[in-house]
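Working notes, beginning with the structure itself.
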């Protein structure tokens with residue numbers, strides 16, 4: 001006989017279900033659960049007097065030799081995912097991968113248990129009833145200036161970092177390239193202790209093919225072209241030829257000064273081949289003043305970096321100072337000041353907000369320590385979404401913000417994964433992918449996760465005083481957990497590399513322990529493949545006033561005077 005309980009009691013016990021709305025942080029974004037995979041009355045909950053115990057929701061007979069027995073069950077959790085939608089389910093993990101999204105439990109005593117989601121004596125359980133699960137974020141614009149960036153990134157929910165560099169050298173301060181086999185090998189060896197998945201760009205600035213190919217064979221997952229090394233048409237063509245031959249991606253920071261051509265010349269050199277454009281608005285660099293037009297092409301995968309996200313009253317002043325430092329400019333040199341002024345344009349930064357909301361800009365990233373903040377990718381994404389809701393209203397008429405939420409979460413999860421050929425491994429919580437999972441309390445969503453799992457093992461978490469009698473007493477701050485320690489760390493994170501480097505067995509050559517996974521399908525994608533962010537309208541820029549028009553309509557917005565997910569959550 002069924003027991004009827006008030007909805008409020010159900011939500012208090014098992015969390016929200018279909019139709020319930022959940023506010024994300026202190027934003028005005030409300031997520032509504034679209035589907036619930038759990039069987040009412042058979043929910044799994046661990047604790048005193050709860051259901052996950054021997055002979056109830058936990059099988060008495062299933063051993064780990066049974067391939068359907070889970071290593072970890074995350075129960076009753078709300079999922080926000082660009083591919084799965086906004087749903088309620090249990091997440092089943094085995095051997096570091098997601099094996100099920102459905103109903104976990106004991107099929108001997110429960111109905112509708114997903115066949116490969118058995119809870120047994122071998123299964124760890126965490127109650128997710130009042131938590132939100134998202135896929136680990138992916139930041140594709142990392143300047144590897146210092147290794148400490150990895151901790152700040154994972155504390156904001158980033159679990160994959162793609163970029164280049166070799167430490168605090170001038171080349172790394174300005175460009176995201178790890179040049180050549182020696183530096184690539186050393187960086188792989190240096191990053192064994194970092195708790196995140198990592199991929200390195202080789203230096204793509206060379207007009208001959210062999211110096212580029214050898215970097216891909218050495219382990220680069222892609223090539224980065226940067227104007228500071230000379231982003232000429234010959235360089236662009238050579239890098240793309242190698243990329244097409246070796247199935248890697250090319251990322252580009254185009255020619256701000258228009259030294260070797262204008263945007264049209266760069267697009268001619270690209271010649272319809274797929275390319276990932278960095279800070280496509282232009283404040284981070286690129287053809288002045290109209291690099292933003294690149295976002296209208298079907299072969300361009302356009303990204304933003306977070307210092308311009310969202311457009312606020314402080315954005316312009318901050319950028320001028322950052323630019324002078326990052327690109328070794330001198331305020332006493334008029335040409336350097338003119339260079340800086342040409343890149344920082346309020347009109348195009350305002351348009352960038354709207355292009356994100358329209359799904360024209362597809363990817364969000366940091367530009368870590370080189371004008372961007374590595375620990376704010378997730379936060380800045382949701383601040384932009386909230387600002388756009390306030391200024392542009394709802395997207396659609398479904399009575400919630402689900403579509404906008406899915407559009408924005410795709411920008412730092414599945415879309416960068418698709419762009420770099422790693423979407424078969426990460427980028428969503430789909431079955432078969434690495435169990436890189438971020439858990440949030442709704443009130444802290446987008447700012448401070450509860451904990452972060454890497455390959456199904458807890459790597460970082462908010463943790464109280466280790467000498468306290470319980471885990472929660474102050475001071476509570478992020479600490480590395482067992483998943484980030486010793487050999488567990490090398491088992492819990494991976495390197496993304498080229499197939500050519502896997503064939504060359506760089507893992508043995510370099511003596512590294514982390515698994516190497518080859519990128520695939522980098523040359524077969526286009527803007528059409530980017531989830532919820534694949535619009536290709538005509539974009540024009542007034543060369544004197546910098547006004548941006550989309551399909552003939554002038555787009556602009558006011559700078560924000562305050563943003564959510566900010567001082568309410570931080571002391572500084």
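Just so it is clear, glycine is given a Cβ too, placed from its N, Cα and C backbone atoms.
Keep in mind that this is a model prediction, so the values were computed, not measured.
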Same-site residue for Ni(2+) 1 (record: Swiss-Prot; known: 141, 143, 367; options: 224, 441, 448): 224
Fewest other Cβ within 10 angstroms of its own Cβ, chosen from the recorded positions 141, 226, 253, 279, 327: 327
Residue 226 (substrate binding site) to residue 253 (Ni(2+) 2 binding site) - Cα separation in whole Å: 5
Binding-site residues compared (143, 224) - the one with the fewest other Cβ atoms within 10 Å: 143
Rounded inter-Cα distance in Å - residue 253 (Ni(2+) 2 binding site), residue 327 (active site, proton donor): 13
Of 141, 143, 327, 367, i.e. the recorded positions, those within 10 Å of residue 279 (Ni(2+) 2 binding site) when Cα atoms are compared: 141, 367
Between residue 367 (Ni(2+) 1 binding site) and residue 327 (active site, proton donor), the C-alpha gap once rounded to whole angstrom: 13
